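Here is what Swiss-Prot records for this protein:
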TRANSMEM  16-36  transmembrane segment
TRANSMEM  45-65  transmembrane segment
TRANSMEM  93-113  transmembrane segment
TRANSMEM  114-134  transmembrane segment
TRANSMEM  141-161  transmembrane segment
TRANSMEM  172-192  transmembrane segment
TRANSMEM  223-243  transmembrane segment
TRANSMEM  244-264  transmembrane segment
TRANSMEM  277-297  transmembrane segment
């Protein structure tokens, strides 16, 4: 069977990676106090490409290592490797090529610190989370979420090299937002798909501790998220435009989390899951707009 370009594209989890690289892009813009220079634009564009390719490689490796699990779950049973559209060796070669190209771009044309952090994130998700954490503990998403939370720092590093402690602190605040966002985001999906995870013997929180406990944890993390998203304002990274947007977004997210304690139907968790994606995209969009377009409201 001939492998189509679309099959390779699907291996990269394009929708997931799009959100990842968007947060990296926002990290780049926030790292630059004024309008970027031509050198920063060029470096940022190459950094964006390198991060995107690395994230795509991580997604492909994840599908390679999770093929048996994916075959048992309705949500993932269509993936190219599962249905035989691609062979394992083709996935391995494809992912390896993406990694080589990504690291070459980052080391040669961006900077070494971005390459190191990007590679560490790739290993954290594609290997440590996929091979060990996912199968070992109900806190898999909490611990493994750190690897998926690093893109804003990768973007920040690409255009600055993280030369000062302030750069590290500010970039880490963006990482913290995604890190705290990940559990309520993914647990909402896991509640709806808990039968699939149980069938595949994956110890997701709804499987190991039950749905009521998971709903309470979603509320706890959503409250923490609402607090953490105020930190960019307290350190002067963002102003009132971002603050207003964050307050509205958090109010809706908190309503979903509270309603999850006694949801109207089984599909409500998927509604919260869908909103969580919109939430993160909008939150980072507010960060970027506040930084670039509305300096006069600070």
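Every residue, even glycine, has its Cβ placed from backbone N, Cα and C.
Non-local neighbours of the transmembrane segment (223-243) in the same chain are 30, 169-170, 173-174, 176-177, 180-181, 184, 249-250, 253-254, 257, 283, 286-287, 289-291, 294-295, 297-298; each lies 6+ residues outside the stretch with a CB under 8 Å from one of its CB atoms.
Within its own chain, the transmembrane segment (45-65) has Cβ neighbours under 8 Å at 11-13, 16-17, 20-21, 24-25, 28, 79-81, 88, 91-92, 94-96, 98-99, 101-103, 105-106, 109-110, 114-115, 118-119, 121-122, 125-127, 130-131, 151, 154-155, 157-159, counting only residues six or more beyond its boundaries. Two recorded stretches are said to be in contact when at least 3 C-beta pairs lie under 8 angstroms, sequence spacing 6 or more; the transmembrane segment (172-192) and the transmembrane segment (93-113) fall short of this definition. Among residues of the same chain six or more beyond the transmembrane segment (16-36), those with a C-beta under 8 A of the stretch's C-beta atoms are 44, 47-48, 51-52, 55-56, 59, 148, 151-156, 158-160, 167, 170-171, 174, 178, 237, 277, 280-281, 284-285, 287-288, 291-292.
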